[in-house]
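Feature annotations, reproduced from Swiss-Prot:
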{"type": "BINDING", "residues": "Leu8, Ser9, Gly10, Gly11, Met12, Asp13, Ser14, Thr15, Thr16, Ala17, Ala18", "note": "ATP binding site"}
{"type": "BINDING", "residues": "Cys187, Cys195, Cys198, Cys201", "note": "Zn(2+) binding site"}
Amino acid sequence: MKKAVVILSGGMDSTTAAFIAKSEGYEIIPVHFNYSQRTEKRELKAFNDICDYLNLDNRYIIDIPFFKQIGASALVDENIDVPVDGVKPGIPVTYVPFRNGIFLSIAAAVAEKEGAEAIYIGVVEEDSSGYPDCTEDFIQNMQKAVNSGTKPETNIEIKTPLVHLKKEDIVKTAVKYNVPLHLTWSCYKNEDEACGVCDSCRLRLKGFEKAGIEDRIPYKQK
């Protein structure tokens, strides 16, 4: 059976990407990163819950604490507040410098070891916070780098099934593939109840509302 590494944060987008990979006939090898983010424990729980749901035993949980040493992002630096006043133009302080580049590099190492032919990542360019490492152009360049820096027989395709979808279309796609959205976690700030006001919560809530579907995770405010 063909194999695919899935970068699985436990959020709605990456989980939907995992279910798409499964529907396309891949044996899923999930990779999760603990990078000292504010919601590290809650994201890890979501990851494990989703892996349990899919009966995935071969899981990679990789600790990369150096993001906290680098700082420069509200997700890893407690001295930088997570914005709660709505999604605005420009790159927000929740951007973690080159995070997806580092994630993809590690995922490529796992893929080469496991003999996987694809890496799935749930990046979204169209309806998102505007991170530069979530664009289709960036992913295409990373794929070139991965295949030029691995063994000649290694040929990995980086798949981004959601990159051009709006959030409401991602919600609808998730429902189509029977994704357990109630197990996913998107909030940047909280680990008990989603805050409802950070960029990630706002984008998620907007997506559910426009899709006409109820979001069953607990929110502090909506």
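Placed from the backbone N, Cα and C atoms, the Cβ positions cover glycine too.
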Field: Pairwise CA distance, Leu8 (ATP binding site) versus Cys201 (Zn(2+) binding site), rounded so that it is a whole Å
entry: 18
- request: Around the Cβ of Cys195 (Zn(2+) binding site), how many other Cβ atoms lie within 10 Å? Please give the count over every shown protein chain.
  value: 18
Field: Alpha-carbon spacing, Cys198 (Zn(2+) binding site) to Met12 (ATP binding site), which is rounded to whole Å
entry: 15
Statement: If you measure between the CA atoms of Ala18 (ATP binding site) and Cys187 (Zn(2+) binding site) and round to the nearest Å, you get 19
- prompt: Once the DSSP letters are reduced so that anything not helix or strand counts as coil, what is Cys198 (Zn(2+) binding site)?
  reply: coil
